[in-house]
Amino acid sequence: MKRVCTLPLWLWLGIVSEADLVSSYSMTPPTLSITEEEHIINAKDTLTITCRGQHPLEWSWPGARWTPVEGRRRWNSQPQQRPVGAGNPEEDCEGTGTKPYCKVLVLTESQANDTGYYHCYYKYIDAKIEGTTAVSAYIFVRDFEQPFINKPETLLISKKENTWVPCLVSIPDLNVTLISQNSLIHPDRKTIFWDNKKGMQVPTQLIRDSLFVQCETVIDNKVFKSNFFIIHIAGIELYDIQLYPKKAMELLVGEKLVLNCTVWAEFNSGVRFQWTYPGKQMQRAVIESERRSLQTHTELSSILTLHNVSQQDLGRYTCTATNGAQMLEESTDVIVHEKPFINVEWRKGPVIEATAGDEAVKLPVKVVAYPQPDFQWYKAGKLIPKQSQSSMQIKDVAEHHAGTYTLVLRNRLVGLEKRISLQLIVNVPPRIHEKETSSPSIYSRRSPQALTCTVYGIPAPEVIQWQWRPWMPCRMFSRRSLNSRHRAARRHQRDRMPECKDWKDVSRQDAVNPIESIDTWVEFVEGRNKTVSKLAIQEANVSAMYKCIASNKVGRDERLIYFYVTTIPDGFEIESQPSEEPIEGQDLQLSCNADNYTYENLQWYRLNLSKLHDEEGNPLVLDCKNVHHYATKMQGELRFQPDSNDATLLLTIPNISLGEEGDYVCEVQNRKTREKHCHKKYISVQALEIPRLKQNLTDIWVNVSDSIEMRCKVDGNHVPDISWYKDEKLVEEVSGIDLADFNQRLSIQRVREEDAGLYLCSVCNAKGCVNSSASVSVEGSDDKTNVEIVILIGTGVIAVFFWILLIIIFCNIKRPAHADIKTGYLSIIMDPGEVPLEEQCAYLPYDSSKWEFPRDRLRLGKVLGHGAFGKVVEASAFGINKSNSCETVAAKMLKEGATASEQKALMSELKILIHIGNHLNVVNLLGACTKPNGPLMVIVEFCKYGNLSNYLRTKREGFSPYREKSPRLRIQVQSIVEAVRADRRSRSGTSDSAIFNRFLMHKSQTVQPIQEVDDLWQSPLTMEDLICYSFQVARGMEFLASRKCIHRDLAARNILLSENNVVKICDFGLARDIYKDPDYVRKGSARLPLKWMAPESIFDKVYTTQSDVWSFGVLLWEIFSLGASPYPGVQINEEFCQRFKDGTRMRAPEYTTAEIYRIMLSCWHGDPKERPTFSDLVEILGNLLQENVQQEGKDYIPLNDSHSSEDDGFSQVPSSAQQNSDEEDFDMRIRCHSLAARYYNCVSFPGCLTGGNQIRCSSRIKTFEEFPMTHTMYKAHPDNQTDSGMVLASEEFERIENRHRKEGGFSSKGPNRTAELSAEQSDLRGRCRPSYGSQVGGQTFYNSEYGELSEHSEDRSCTPPAEGASPPALHASFFSEQY
């Protein structure tokens, strides 16, 4: 702290402040016995002065503690020795009533030098002010022999205008003259004044050049002179003062304190230093002075040193420097600590908030410590370099700066350390991501649309507001009018943006386009939780402007959407009539349709083949900007459609020829950007040829009332003119006679005798004609027809009566609502003979706003597999998961030339996929492309590792039965199984879709995959993997069963392997109506997957969930044989089917365990009601998976290994598995210690039952390997045999079927199975499980021959779908063959 002021001002301020202080005491000043201001005594006289006052008093006289200040006096604080006389001249005296204190000053033998001011003041009051706390009198001690009383001294002359020469006299009325080196100076009372108490004041210039001056007076003609005053010219200006160190000084007890007070003064200046500090009374400090005279100024220093500081030395230290005319002052604080310490605390709390885009944010921390510690800042445990201060500043704040920051303070010398943490929250203004990508502004009329705004901000915006306004221009305004915060939040916007008014909130009641829904949800995209809002428009009818608004506490963002509705897709297209491949001689019309709001300047061109290459023959880069260089302009007719605001440029080419084939280009220009756009259409002209018939007509013999059909099939794409003649007369379409397929087909219903004759088919075009004829002969009489008509009429009347009766009955019965029909798979709820599958699919909805995916964002790749009517292609989908990422998918589509029924079947499969929903272990639907002008495609998940059967075969060499159990593996398996149990317990209140999503979240957040994706091919296959595959398939089948879906072809070839060892079920026969489609009736070369089919499916055509359980058992056999074909070495013939019916089963596969084989046998139970449900299998395999992971050492004991002891059981179940089964109702942990592991045929069927203190095992299971079959060869067509033996020749199967009919159908209680299925047998569930039959009710399909419903059929051989058949949907291998 520095103070600078002149000395008079300083004294005046001090006097005023002290006067104010003393006035508060309300005291009276002391009084003297001498009342006059000047008192004269002679030398040698005795001076006696009495002083009285209200407080203790003390005297001061010349030479002792006083300083004259312009008539007001102040005194030094330290008394000096009395300059004259001996002893103490002060004595106490008796006071009075009002002034009880009295002190008398007695001065004997007075001398001339005693002349001066005598002061009496209050002793214990620091403020000594004349007339208030002090009183004085000037005493002249007159001595005619010593009129002058001064001693030799130096007279400092400064830059002042006048200088006082202190010639003090003992006689008041003397005439004094000043003698300088050059002249005599007499007082003139103008510029030169004499004062008998101060001396003589003269102009400085009169004595400045003299070496000395002297005063002179004459008394009685005797001259007296004073001592010499040596003239010394000195500077009076003090430039600056500094006290080092500048900051407050902190020390520990015992340390050394050094303060340096330095003054920079004018050259040749004199300065007096004075220190004020707490220990000044005890004079603890050592003060040293230094002086350095430089060329331009003088540097003076006073150094205060204090050794071994203590607590008493703390306080304010002040250095005062004065030269008589000016005074400077500087202060500092000294803090003394007893011991080292560190104290740290927050300045603004533990949480600091900032906004992304701020220039800087400071993390303030208050630190009080000594000695100064080391500062280190950390974020998330990592040291932040170049941050060594107590408060850290972050510049250009961004989102990644958010987090927890920790300041660590260390004093390594004394071992002290303190930490403090601050949480920095960086708020991010909302940003709408769709603004960064180009979005379409043209929308097709009468089409459903979805407008989406994906917003990211911190904090996340709670609500995204949608507004709309009519389609009209908006005025533009500059972004510079926005405030700084908005500018930071909208850096990606253009400098000018539209400002539109008259906005209205979007609502279903007040909307120019009907609104279906407004949904808002939070989605995890690109590592961030983003808020997504979707405005679903039912039908785009009117052009409008939409705006979505997102805001949070630090900002706001909005997206303006120009919703222009047009009848032209994408605003620009080319159409050709009649087709893109016209026939030679036809009239071709090309239409260039463009939206008039967006485009203008329509122009047709035809590319010149000769100009498409340069001089060297290299192909030119075609660009729309220079299309006129290599194309010929063609004239068209421009038309406008006011109702749709569309422009059409028509190009008509009459009687097109082969030479006019080529590329035709339509060029348009964007009205806003002035950029040109082009569309190209290649016109392929087909040469006109003479028509050709694929086959000629053949003669027909038909009975009366039957129907006939004749086909005149023409080869080629162009169908010529076809005419039918009967007996040279033109046949026209009348009642009973139908012409279809461009007259290629002639149908006659209920043939009569007059329909007999010669029929001629004539096919003609401009090149010529070709004919084919056939004779139709009618047998029988028309009388029989009349009888049949009567019968039909009577039957119709009866049918109408019963139909009305049924309507009345059904009106009184509660029918299921339309919403109820949508909840299940309708072919399961309703009898398929009553309501065909295609009619049920008509009830299922297709939400294009949710599932439709643009074809232009789908890039097709290699073909993964072919089916009978379609193919599966690997594709890359951009943004299919509502993000900007690219994802590999599988696209399922029909082959070229697909019929309408095939497209309808694929659409039905799409609807049922949507109805079933998503599940982790099912190949899920991702989207679809159903809009016209492109192929129908169903987009599903892509599984990179192919089907499970091929994968298992490739991993045989690397199979490792066991591996070291890790805690991570145990935790993962426990988490997966517990998640499944929790989902199953909460299934009554939670949808499968919610369970699926929660399971995925649980898997991604808490469970690390067993194997990483890149290591799946390199990692060995283990027993845990096989059980995990089985568990996942059971879980997926449980989901399909809950959705009323029957697979009918469950096999390893239809199980796909995806990342993280996740398996997915595919080709669940969704859109196959095997009861109505004639293509599924068994024909000569039909292929049936007999090895995977249940007995009731083979012999009774019954497909249920329990028949899928049988197939699951065969799938288990495939998994634990590592992809081997079922029934190895067994020929599929009549003997196989007979033994199959009698209960013969497959032996245990090579790599299975006893527990797994018992599960297989329970799935192969002859009675479907006794088989476990998929829910039971999920519970059993989940328990087995946990036990397998928790075991120590080897947990795999193959059934084929031989043991040295008969007592070695093969059911290795740990004792820890024997727990209470109250929560786990279906426990599979059962031991069969009485069986040796090598006797695998002694495994109980279907399982072992623990009863009492002993374990009973039922009779053995016969296997095909134990009782070899007799090889019987049957003649069959070559295409009926495959390497896998999975099919059976139709003739042989017909013989088995006929025998089966004679025996009365398939039964689980055949004569040869009494011993195997005794009452003592039990399945895997044990005593605590309910009957499996309770899970099957209401899900069985019955065919028309053996079931409850009847259907007349002469063939009577309706079979399950065969691999070679032609279903309305894609074949079962459609998915599996892709991998």
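Cβ coordinates come from backbone N, Cα and C, glycine included.
Note that this is a predicted model, so its numbers are computed, not measured.
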Subject >> Of the residues Asn308, Asn1200, Asn1312, the one that Swiss-Prot lists under N-linked glycosylation site >> reply: Asn308
Subject >> Residue carrying N-linked glycosylation site as stated in Swiss-Prot, selected out of Asn541, Asn947 >> reply: Asn541
**OP:** Disulfide-wise, see what Swiss-Prot says Cys474 is paired with, picking from Cys453, Cys500.
**Re:** Cys500
Subject >> Swiss-Prot annotation, disulfide partner of Cys666 among Cys592, Cys712, Cys761 >> reply: Cys592
Original post:
Looking at Swiss-Prot, which of Cys5, Cys102, Cys120 bridges to Cys51 via a disulfide?
Top reply: Cys120
Subject >> Per Swiss-Prot, the disulfide partner of Cys261, chosen from Cys167, Cys319 >> reply: Cys319
Original post:
So among the binding-site residues Leu864, Val872, who's got the most Cβ atoms within 10 Å?
Top reply: Val872
Original post:
Counting across all protein chains shown, how many other Cβ atoms sit within 10 Å of the Cβ of Gly870 (ATP binding site)?
Top reply: 24
**OP:** Compute the average pLDDT of the predicted model within the topological domain 'Extracellular' (20-788).
**Re:** 85
**OP:** Measure from the Cβ of His866 (ATP binding site) and count the other Cβ atoms within 10 Å, all protein chains considered.
**Re:** 15
